[in-house]
Structures are given as structure tokens and as C-alpha cells.
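Engineer: According to Swiss-Prot, the record shows the following:
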BINDING   N88, Y91, E92, C146, T181, N233, R238, G249, I250, K251  Mo-molybdopterin binding site
SIGNAL    1-44  signal peptide
Amino acid sequence: MKKVSRLTEADVTAESAFFMQRRQVLKALGITTAALSLPTAAHADVLSWFKGNDRPKAPAGAPLDFTRPAQYQAKLDLTPEDKVTGYNNFYEFGLDKADPAANAGSLKTNPWTLKIGGEVAKPLTLDHDDLTKKFPLEERIYRMRCVEAWSMVVPWIGFPLHKLLALVEPTSNAKYVAFKTLYAPDIMPGQKDRFIGGGLEYPYVEALRLDEAMHPLTMLTTGVYGKALPPQNGAPVRLTVPWKYGFKGIKSIVSITLTRERPPTTWNMAAPDEYGFYANVNPHVDHPRWSQASERVIGSGGVLDVKRQPTLLFNGYADEVASLYKGLDLRENF
């Protein structure tokens, strides 16, 4: 596999650019300069999360033991680790791509409890150690496509979700699998204040059909680049479904519930005309406000080094997953 060069100072976005982005975000949220000057506790609380200097930084993740199955070592150029861990959507910690890395250091992931229940014969609770020791870990190099029309290639580490589901023995009534993120507004500022969290309803929830969850490509991910996940990437466990848009990859999961009926999902509740339940990567179905025909590749270059490439149906995994949607109108069921 081709090695990707590391970031240099020339690749770093100028600090002024980040301040401008945040100013635009605040303006879009209706927070004016005059309003920000008011000495209220609420505004002080909001602004404290944008200063970026006194928040705890997360320690480096512990090295993990894992194998590299040949079928998942795609011959693709990896996105530099710095960008995988520094360019994130995790609105619980802010709207700017740099906010999660800056703000998530206070997220404590050990101890952790993940409960699996609902339409199962054998409910199960996993602790922090179970997440990395109960199942053999694998490194899988997957494409990652955001609904915002940018993409990465990431060496995720984890285990197939179907192995966990087999342990709990889904009942014949189980048709869907629902996931829920940790709810902790005291350490997740986006849950505490709608100006920081994009106005979403929290805790963040996502779901898959049972057959999607059982597919061999679907992973519960506990690491990246050889180490345990950092908080900004969804530690200690997140969902990875490589043929779907990134917002399906729910982070910091605390519960998995098998259900009879289709569960609600956060972005679909927020804007059902823009974010469908399925969220399969599809170059032929545009977002109402932008095209999905191509994508911006997040690579080793700087902000002016923009590479675009055509978007692949199912993000390049059509041979493996297209049969799941046989007979389904992908334009209606986006």
C-alpha cells in the first residue's frame, strides 16, 4: 500500500480561517455580535467552548491487538491520521470540524457500559474491556463518505456487528437495530446548548434494518490507526457502515436495541426531506442543496490542494450490498 506523507506546517489551516468559520456559524445561528457582548451566564457558557485554550486534551489511545484480514486491506491511499482525528462531525462537541478534537478531551470512556436488548433472547451488557477483548479485532480499510460531499479512507479497527448480535439471539420479531449515543450534557456542550449542537434533538439516535446490521461489512469500531479511538472519533465504540453516509456512523454508543418497528433517527427527524433513513451513498440522488455526483477528497494537501473524484454507488461497495435493496426504489428510499 502506498504510504501517505504526513502533514507539514504548510498544510495547517490558518487560525484566522477557523475564527471566520465560527463567526459565520454564530451568525447563522442568530447570535449577533451585540448579543455576544452581553454578560449573561448563558452566553459565557457558550463562548467558553469556543475559546479553545483551557479545555483538557484527550490522551493518545492505547495500542490495540488486531489482525489485518487480506480482503479488507484495500489498495487505497490512507487519509493522514492528523486529518482523520482532527476533521470531524460530532455536534455534541460543536459545529466546526475542529471543535470535537478541541472539546472532547473531557469525555471519559472508562468505565463504559454498552447494553444490548429489546427483541433478543439473551440481553447482554458489555463493559469497556469487553469492547476490545471479547471479540477478535480486525483492521479494515474502508472508504468513508460524508453527506456533505467529502470523503476519507480510514483504517478502522473493530469487529463485525453480526458477531455481537449472534450472542444475544434476535427473536423472530426483530426487524431493526436501534443505537443511542451517550447523553451527558455536562461534558457534551452541544447537548446542553442548542447554539452549539446545531438544534438537534439529543441523545443522538440511529438505526439499521436487521439485515444491514448483520452484513459482514458492518462494524462496531473501537480503534483507528492501530490505537483505541480518540474521543472526537466516537470513543470507545462507534458504528461503521461503509456504504452509507457518515451520519449513520453513530458515535459513543451506550445502547443497542432490537425492535419490531423502524426506530426514529436523528437527522431524519431534523430534516426528513434532506436526510433519509437509508442514507446509502448514491451519486444519482442529490441532496436538495448540493450535488452528490462527486466528492472532495480529504488528503495530505492543504486547503488549496482540492482533489475531487466521482462518487461511487454504495461508496464502492455495490458488489457486496446492492442485493440488500433489490426491488427498492433508491430515489424514494434515500
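Each residue, glycine too, has its Cβ placed from N, Cα and C.
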Engineer: Under 8 Å Cβ-Cβ from E92 (Mo-molybdopterin binding site), six or more apart in the same chain: what's there?
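Structural biologist: Non-local contacts for E92 (Mo-molybdopterin binding site): T181, M188, P189, G190, Q191, G197, Y202, Y204, S252.
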Engineer: Compare all C-alpha positions of N88, Y91, E92, C146, T181, N233, R238, G249, I250, K251, the record's Mo-molybdopterin binders, and send over the largest distance in angstrom.
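Structural biologist: Binding-site diameter by Cα atoms for Mo-molybdopterin: 19 Å.
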Engineer: Around R238 (Mo-molybdopterin binding site), how many other CB atoms lie within 10 A of its CB?
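Structural biologist: Summing over all protein chains shown, R238 (Mo-molybdopterin binding site) has 23 other Cβ atoms within 10 Å.
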Engineer: Return the residues near N88 (Mo-molybdopterin binding site) by Cβ distance under 8 Å, restricted to its own chain and a separation of at least 6 in sequence.
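Structural biologist: K97, P100, A101, Q232, N233 - these are the non-local Cβ neighbours of N88 (Mo-molybdopterin binding site), listed in sequence order.
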Engineer: Using DSSP reduced to three states, classify R238 (Mo-molybdopterin binding site) as helix, strand or coil.
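Structural biologist: Strand, per DSSP.
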Engineer: Need the DSSP three-state call for E92 (Mo-molybdopterin binding site) to compare against my parser.
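Structural biologist: In three-state terms, E92 (Mo-molybdopterin binding site) counts as helix.
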Engineer: What count of other C-beta atoms do you get within 10 angstroms of the C-beta of T181 (Mo-molybdopterin binding site), across all chains shown?
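Structural biologist: Step by step: centre on the Cβ of T181 (Mo-molybdopterin binding site), count other Cβ atoms within 10 Å, giving 23.
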Engineer: Below 8 Å Cβ to Cβ and six or more residues apart, same chain only. Which residues does that give for I250 (Mo-molybdopterin binding site)?
Structural biologist: F179, K180, T181, Y204, V205, E206, G234, R238, L239
